[in-house]
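S.K.: Okay, here's the structure, questions in a sec.
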């Protein structure tokens with residue numbers, strides 16, 4: 001009879017040595033991002049990267065509510081204001097220059113969207129938390145000035161979330177898809193015919209083909225082209241001018257890239273991920289007029305700081321509503 005010492009034994013080697021092993025996407029074109037700017041030596045939940053018409057970068061940290069403004073040329077970091085609403089999660093910029101800030105509230109029913117100047121003045125409730133029950137995580141404008149937003153509620157077996165469209169006058173809210181589990185990132189194709197949505201806790205990528213009215217789904221138009229694997233899941237996303245979709249993978253320290261049909265074509269790794277560092281990658285965004293991508297992440301679990309990283313993507317970023 002074979003002794004225990006002589007039995008076949010599993011060893012940590014290769015992919016099993018990584019804190020976050022990549023299995024199904026291991027054959028994709030893979031690059032590693034370079035550090036671009038340290039936001040804080042403290043672990044802040046960075047999110048919401050968005051550039052204004054002058055090329056200034058805005059972002060926030062969710063749990064403390066700080067709104068940051070960064071000059072990409074000088075790397076100067078300013079904090080123009082702090083959100084008066086709890087747990088802000090995204091910033092999108094209107095072409096009139098106002099910041100639209102999505103906030104999660106109590107993560108149950110007190111989320112909303114407010115607008116403000118870049119200094120935090122002239123506050124306006126766009127979706128107010130007192131009259132609705134949304135938990136709003138992200139939004140994307142269309143060319144008419146309306147926008148789609150994601151409702152972040154629910155969990156894997158209790159899909160309370162969804163995606164909604166708000167008319168350009170901000171008076172009408174129309175459901176697009178519902179009964180999904182923690183709707184998170186959202187992006188609109190260059191021709192505004194395809195809406196991309198990430199479903200975090202069910203680990204799914206939704207591709208929604210829209211009719212010309214922007215709210216009706218085409219026959220058989222709502223599909224799930226990709227299922228993600230691993231702990232946590234897909235977070236915020238953006239597109240480039242070739243309609244490739246860049247999806248940050250929260251808890252995995254990487255960004256996955258999909259073509260316009262939803263096939264994975266590449267991935268970007270955050271340095272230190274195999275050792276368990278900087279896993280909270282949340283949001284990719286292009287510097288306007290370039291193919292240079294900025295990615296935010298933080299190292300809260302390992303006691304590290306908060307960083308922005310950079311790579312070049314497949315194509316230049318899409319010039320969306322705020323640049324029209």
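Keep in mind that glycine also has a Cβ here, set from the backbone N, Cα and C atoms.
Okay, these came from Swiss-Prot:
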type	residues	note
ACT_SITE	235	active site, proton donor
BINDING	47, 137, 184, 235, 236	Ca(2+) 1 binding site
BINDING	109, 111, 129, 132, 134	Ca(2+) 2 binding site
S.K.: Let me check the 10 A CB neighbour count of residue 47 (Ca(2+) 1 binding site). How many other CB atoms are there?
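M.R.: 26, counting other Cβ atoms within 10 Å of residue 47 (Ca(2+) 1 binding site).
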S.K.: For residue 134 (Ca(2+) 2 binding site), just give me the three-state DSSP call.
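M.R.: DSSP call for residue 134 (Ca(2+) 2 binding site): coil, neither helix nor strand.
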S.K.: Could you tell me the C-alpha distance between residue 236 (Ca(2+) 1 binding site) and residue 111 (Ca(2+) 2 binding site) in angstrom, no decimals?
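M.R.: Just about 17 Å between their Cα atoms.
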S.K.: Out of 111, 129, 134, 184, point to the one nearest the residue listed as 'active site, proton donor' in space (Cα versus Cα); all of them are binding-site residues in the record.
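M.R.: Closest by Cα: 184.
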S.K.: For Ca(2+) 2, what surrounds 109, 111, 129, 132, 134 with a Cβ no more than 8 Å from their Cβ centroid?
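M.R.: Output for this site, in sequence order: 105, 110, 112, 127, 133, 135, 136.
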S.K.: Out of the binding-site residues 109, 111, 129, give me the one sitting nearest to residue 137 (Ca(2+) 1 binding site) by CA distance.
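M.R.: Closest recorded candidate to residue 137 (Ca(2+) 1 binding site) by Cα: 111.
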S.K.: Say we define neighbours as other CB atoms within 10 Å of the CB. Which of the binding-site residues 109, 184, 236 has the fewest?
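M.R.: So among 109, 184, 236, the binding-site residues given, the one with the fewest Cβ atoms within 10 Å is 109.
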S.K.: When you measure from the Cβ of residue 132 (Ca(2+) 2 binding site), how many other Cβ atoms are you left with inside 10 Å?
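M.R.: A count of 17.
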S.K.: How many Å separate the Cα atoms of residue 134 (Ca(2+) 2 binding site) and residue 47 (Ca(2+) 1 binding site)?
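M.R.: Residue 134 (Ca(2+) 2 binding site) and residue 47 (Ca(2+) 1 binding site) have their Cα atoms 19 Å apart.
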S.K.: Take the C-alpha atoms of residue 129 (Ca(2+) 2 binding site) and residue 47 (Ca(2+) 1 binding site) and report the distance between them in angstrom, rounded.
M.R.: 21
S.K.: Within its own chain, what residues at least 6 apart in sequence put their Cβ under 8 Å from the Cβ of residue 111 (Ca(2+) 2 binding site), listed in sequence order?
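M.R.: Within the chain, residue 111 (Ca(2+) 2 binding site) has Cβ neighbours under 8 Å at 87, 102, 103, 104, 105, 129, 134, 135, 136, 137, 151, 152.
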S.K.: Just the number: how many Å between the Cα atoms of residue 132 (Ca(2+) 2 binding site) and residue 184 (Ca(2+) 1 binding site)?
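M.R.: A Cα-Cα distance of 18 Å.
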S.K.: By the count of other Cβ atoms within 10 Å, pick out the sparsest of the recorded positions 129, 137, 235.
M.R.: 129
S.K.: Hey, what's the Cβ neighbour count for residue 134 (Ca(2+) 2 binding site) at 10 Å?
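M.R.: Excluding its own Cβ, residue 134 (Ca(2+) 2 binding site) sees 25 Cβ atoms within 10 Å.
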S.K.: For the Ca(2+) 1 site (47, 137, 184, 235, 236), what does the 8 A shell look like? I mean other same-chain residues with CB within 8 A of the CB centroid.
M.R.: 89, 90, 138, 150, 185, 198, 200, 248, 250, 282, 283
